[in-house]
Structures are given as structure tokens and as C-alpha cells.
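Pulled from TrEMBL:
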type	residues	note
TRANSMEM	20-41	transmembrane segment
TRANSMEM	61-81	transmembrane segment
TRANSMEM	88-107	transmembrane segment
TRANSMEM	113-134	transmembrane segment
Amino acid sequence: FRSYVWDPALIVAQMVLLQAGYYSSLGLWLALLGTLGSTGPSLQQVFSDEILGFSTPPGRLSMMAFILNALTCALGLLYFIRRGKQCLDFTVTVHFFHLLGCWIYNSRFPSTLTWWLVHIVCTALMAAIGEYLCMRIELREIPLNSAPKSNV
């Protein structure tokens, strides 16, 4: 499977891969859901804390995109991390770098309650579903031989 040796190059590569997957899949979800609301994806939808909300259609579509993105990124944890113990670490890292990106983009710390609620829910969903999927893979039976079984 994988050795338990400290490999910083692998960890950094996984972090970069997950971060790229996070923004790529979020952009795809925003584009797909934007066709429903006849709006295109923008950096404002990705990084602004003020656009998320229940009161406007673009805010609701952005919230749906973030939730669906958490589910998509849980699959990314399954395919790129493959360790249930590391799912929470990588999930928090992805969302921490997103927080930094929002802070830099808006030149201020995100302060709206809906932004924090959406991202806490997305973090919990991504970590829990990713860990569940990884644990299912880890707990599969290991075949002891490759010879076909004979019915005696």
C-alpha cells in the first residue's frame, strides 16, 4: 500500500493536487449551477464572503456549489490520499488555504456568519465522507492467494 515513512514531497504534492482539485471542481459546479440562474462563474463567487446567503438566488446557488464541491472533494480524498487517518488533516488544510485566499482577495478577514457556516459544514462533510470512503477501502479483505477457488 504505502510505507509509513515521512515523505514531505508526497505530502506537498497531495496538498497541491487537492487544492487544485478543490478550485477546479468548485469552478465546474459554479458553471453548472450558474446555467440554472443564468450567471457565469466568477472569482467573486469563489472568494467573496458577502455573496453567500439565503436571500439571493446567486447566494443560494453558490452555497449549493460549495456543498456539492465538498462531496466531490471527498472523492478526491479517496483517490489521492487513500488514508482515513489523514482525511481530516488534508480537509482542514484545503479549507485553511481557501480562507487565506479569501482574506487576500477581499483584503479583509471573512466576517459573515453564512460564510463561516457554509465552510464549517463543507469541512465536516468532506472530512466525514472522505474518511468513510477511505475506511471502506482500507477494511476490504486482502486476498491471500491468487489461485481460483475450487468447489469441493
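Cβ atoms here come from the backbone N, Cα and C positions, even for glycine.
At the 8 Å Cβ cutoff, the transmembrane segment (113-134) and the transmembrane segment (20-41) share fewer than 3 close pairs (sequence separation 6 or more) and do not count as touching. Packing against the transmembrane segment (61-81) from elsewhere in the chain are residues 14, 17-18, 21-22, 25-26, 29-30, 33-34, 36-37, 39, 45, 51-54, 87, 90-91, 94, 114, 118-119, 121-123, 125-126, 129-131, 133-134, 137: each is 6 or more residues past its ends and has a CB under 8 Å from a CB in it.
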